[in-house]
Amino acid sequence: MARFLRLCTWLLVLGSCLLATVQAECSQDCAKCSYHLVSPGDINFLACTLECEGQMPSHKIWETCKDLLQVSKPEFPCDSINMFKDSNKQDESHLLAKKYGGFMKRYGGFMKKMDELYPVEPEEEANGGEILAKKYGGFMKKDADEGDTLANSSDLLKELLGTGDNRAREGRHQESTDNDDNMSKRYGGFMRGLKRSPQVEDEAKELQKRYGGFMRRVGRPEWWMDYQKRYGGFLKRFAESLPSDEEAESYSKEVPEIEKRYGGFMRF
């Protein structure tokens, strides 16, 4: 019995809610017919509302109002307009994906999210490169294995986001890639981030030609590092006190017996 009463209560509540919704819709439709579609007085607003709610047996006024509402609907409703907008966005994204390959598939969502979080002001469009550097930081450096894509990454971002002309940056990137092509292949994006003077670059090239990759693979042994920590500057002073190669040779000529007896031990 309690369940039946609870069910009846819920039905009454739902019925009242539906009735209020229907009354609101009928009032809106009849008001539109009475005051916007025809001249005032041609359609009675109260009679139209009662017929719409089903409280009157006749439905002539309501039928007339429905016909007027059907005729007054736009040729392209809001839903159709939204569908056209969505289709246009899809076409644009398809064209971008076709033009730039997998770049938009890989980074498109990230760029859109960053644009929503940090919109570009009109007065900041002139400084497009600085804005891109602040927004994306070292994001494009992760793509170092793709070669030419890394060299033109900032130009591609400027073109996609519409921040301005990128001809100057293209020329600059081409020069930098031609000069550091060999270093980029060997070290990836590591050497590209270091700014060195011409003198240091020449010395590095000479060392590279002379020793190749040997000095990079072979470092100081662990025992030498332990001695360095333990004795500090004592080893440096001891090394300075050692004779040079020329002094050692003259010393060996003057004292041949010691040289024969101890060999090269006395040199150290």
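Yeah, the Cβs are placed from backbone N, Cα and C, and that goes for glycine too.
Bear in mind that the values here come from a model prediction, so they are computed numbers and not experimental data.
Taken from Swiss-Prot, the feature signal peptide covers 1-24, and the record attributes it to sequence analysis.
The disulfide bond annotation in Swiss-Prot covers Cys26-Cys48 (among others) and is backed by similarity to another entry. Listed in sequence order, Cys48, Thr49, Cys52, Glu53 are the same-chain residues six or more apart from Cys26 (disulfide bond) with CB atoms under 8 A from its CB.
According to Swiss-Prot, the disulfide bond annotation covers Cys30-Cys52 (among others), on the basis of similarity to another entry. DSSP assigns Cys52 (disulfide bond) to a helical segment in the three-state reduction. When Cβ atoms from all protein chains are considered, those within 10 Å of Cys52 (disulfide bond) total 21, not counting its own.
If you look up Swiss-Prot, you'll see Cys33-Cys65 (among others) marked as disulfide bond, on the strength of similarity to another entry. Counting only residues at least six positions away in the same chain, the Cβ atoms of Asp29, Cys30, Cys33, Ile43, Cys48, Cys52 sit under 8 Å from the Cβ of Cys65 (disulfide bond).
Residues or ranges marked as region 'Disordered' in Swiss-Prot: 162-185.
The compositional bias 'Basic and acidic residues' feature in Swiss-Prot is assigned to 166-176.
For Ser252, the entry in Swiss-Prot reads phosphoserine.
Annotation: Cys48 carries the greatest number of neighbouring Cβ atoms among the disulfide-bonded residues Cys33, Cys48 [cut-off 10 Å, Cβ to Cβ].
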